[in-house]
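First up is the structure itself, then whatever we jot down about it.
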């Protein structure tokens, strides 16, 4: 087997062609795994299927003793099974008596710091038998700083946090603005930080991959709604490209343009099979990136189920690679979801193994938000005319809990003359007409938290978890307290000058396989099962929201919330 590379040194982002030759009987069950590190245990381990099932992934995946980064069947090259490409293995004079077949498949490879190797198997994913190996291949610079993304640290928009990944713990620099320079602080996490149970978690063994070091630095002295550039790294480990970014508007200013979605994850850029592929993620990432490049986006809110790595740690690198074009240019704010936090015996509200043993550790390391402390992943931030209250539905939200008291205090202290709009966000929804609603909804959450939304006059509640788009009336306890009216353009308009109850929207349609609807409740006004995202534009008197189909780029739902200001 030949992996076609000069000197076997890999760049940070490339496609590697892998050619298998000398095969006498090509089979549908022949496949190639990309493993890392190259000394990973790739013997057959049928019982490892439980590690995939533990995270909810029921698809057929390679049953090796250590999870391969990705895998492809040789049949992805149609010439392989047809034996179109042949080489003679035995001649009789000038006549070929014995021929062998070959095929070539292409793998998308990014810099994951540890060396990789391609392994050729027969027997399919369930009964794999090693036939040959390519030999280890190293990255030309395992310490290269990569995957920079920015986030807001407060409501002034005068400081922005930059976070990136490197194979080196060495202090690195951020150069930004008019010659300012910062030094980074590096963090990492180990297998010992992962959770496990009687049934070992993927994160603890089968899916573990060294994360390298996650660097972070806060750029200060910035102006709101202003464009700057930065680069990060050092002379010894290498530098990133120069990136242009824009600060969001300060809290209390008039206007904000934002995008929001949940449950995005990732998908491969090649025909590989991987754990937990989210089929809509690439179209949403492309559409959102195009919007960011247009200059009409101030910030992005990703409300839970971020990468779906769920204990298969190398997948965080691939996710960060995919979002970097958008998350490096505008404030990328996140909320934690069940697939980042939940695990048995870890202190999460729900005792499912949905995080695969990550227990929030990789999430909080890769996406440091302005939260009060470790494993207290809730915060608020003001941008433009909106106050965002971001909670964790996976940490205790019951009455008198620390998070409940924080929610009460945070929403109760909003200055509505400064930020007239209050948006409440969390991962798990209160309302859904999905076919899985018996599993997706928790009445205890609604009973504890929904009264706070009404009490503090939340204008809009945004949730994910259910993989579709759904919008409600002004709803409380499943009753419509008010209905929108049509404006002159036929757009549903909610008048919050005479407040009745929050509008709620499920926006978990950004990547994971879509969920169908069953018979809707009377509170449900719009239901769409397509991949996309929410586009928001708020001034102090109007908040306009649109659901955008990521594939067609068409607006499929529009609504407005209005509020007359006292003069």
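In case you wondered, yes, glycine gets a Cβ from its N, Cα and C as well.
In TrEMBL this protein carries:
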type: DOMAIN; residues: 11-141; note: domain 'Purple acid phosphatase Fn3-like'
type: DOMAIN; residues: 145-247; note: domain 'Purple acid phosphatase N-terminal'
type: DOMAIN; residues: 256-469; note: domain 'Calcineurin-like phosphoesterase'
type: DOMAIN; residues: 501-558; note: domain 'Purple acid phosphatase C-terminal'
| query | Among the recorded stretches 11-141, 145-247, 501-558, which has the greatest number of Cβ pairs closer than 8 Å to the domain 'Calcineurin-like phosphoesterase' (256-469)? | reply | 501-558
| field | For the domain 'Purple acid phosphatase N-terminal' (145-247), residues assigned helix / strand / coil by DSSP | value | 3 helix, 46 strand, 54 coil
| message | Quick check on the domain 'Purple acid phosphatase C-terminal' (501-558): DSSP residue counts for helix, strand, coil, in that order please. | response | 0 helix, 30 strand, 28 coil
| task | Could you put numbers on the helix, strand and coil content of the domain 'Purple acid phosphatase Fn3-like' (11-141), residue by residue per DSSP? | result | 17 helix, 60 strand, 54 coil
| request: Please give the average pLDDT for the domain 'Purple acid phosphatase C-terminal' (501-558) in this predicted model. | output: 97
